Amino acid sequence: MNDAVTLRSGCKVNLDLHITSRRDDGYHEIDSLFLPLDEPHDELVVTVGDAPGITVTCAIQGIDPTRNTVTRAYDAYAEASGFRPPLRVELRKGVPHGAGLGGGSANAAAILNHLESIAPHPLGRETLCRLAARIGADVPFFIHAVPCRASGIGEIITPVAWPYKGFTLLLACPQVQVSTAWAYGALDAAEEKQLRVRGCLTTGGVADRNSFSRESWLHNSFEPVVFASHPELRSLKEALLRHGAAAALMSGSGASVFALFRRREDAEAAFEQLKGHDIRVYQHLL
């Protein structure tokens, strides 16, 4: 590999996120529905390095070039496979940091998939997903990058049918950052353990499209603790609902909030309202 290879990594929203328990090893069990989005996105420009190992550079402050999801993914793959190619990675961030969109997890998955594609002895998808789960709960999903239900610590991935074609998803990213580690700590401190049986989305089919409503199945265990510290995010969610969204929810541990609109014109009106308030807004026709 002599020429630069540019890896594009997108992001996700959690259309449902239950933190079901905390294990003795510190990992959290989840039950979540992931939807991949192609915008916003990051780029990883990969070139050949001078010696075995990986070097990461990034112009964004707050990202440790020696210890991040990209280096952790490389180290995990190298340990499992013995394959240690010399790589330089320039990380060009487009996904907002601390937004609950899984940008760092997508970066890790991009490197894992890249290493798998160039390794003389690939590890296979199952092993790759196990490695991915050690890096973060979102990483196995990004290995697949299709609508999925994730359980366990994120390593149990089941593709699902997405029934709401024609809906418009509006993603709002305010100038707020929420640390995932802080959010989990706050959740543990609140001792919130919510378990419920869900039948709306399954691997074989879905509930009647007409049964979709604001509160029918969307849930995020992080919302109570994050909204308590960042009430402006609750206000953002409520504003989206007032603009005619069929549903709105914080993604991941925040701070981004997304909404689903049945009518494209309602989404466009909300888009115009929000973009003038120092909020990055993206539209996706599903």
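Cβ from N, Cα, C; glycine included.
According to Swiss-Prot, the active site annotation covers K12 (among others). In the three-state DSSP scheme, K12 (active site) is classed as strand.
Mapped onto three states, the DSSP output places D138 (active site) in coil. Taken from Swiss-Prot, the feature active site applies to D138 (among others), supported by sequence analysis.
The ATP binding site annotation in Swiss-Prot covers P96, H97, G98, A99, G100, L101, G102, G103, G104, S105, A106, and the record cites sequence analysis as its basis. DSSP gives G100 (ATP binding site) a coil state; it is part of no helix or strand.
G98 (ATP binding site) sits 13 Å from K12 (active site), taking the Cα positions as reference. Cβ environment of K12 (active site): F34, L35, P36, L37, L101, G102, A106, D138, F141, F142, S251, G252 lie under 8 Å away, each six or more residues apart in the same chain. In sequence order, C11, V95, G252 are the residues of the same chain, not among P96, H97, G98, A99, G100, L101, G102, G103, G104, S105, A106, whose CB sits within 8 A of the CB centroid for the ATP site. When other Cβ atoms within 10 Å of the Cβ of G100 (ATP binding site) are tallied across all protein chains shown, the result is 30. Within the set of binding-site residues (G98, G102, G104), the lowest number of other Cβ atoms found within 10 Å of a Cβ is recorded at G98.
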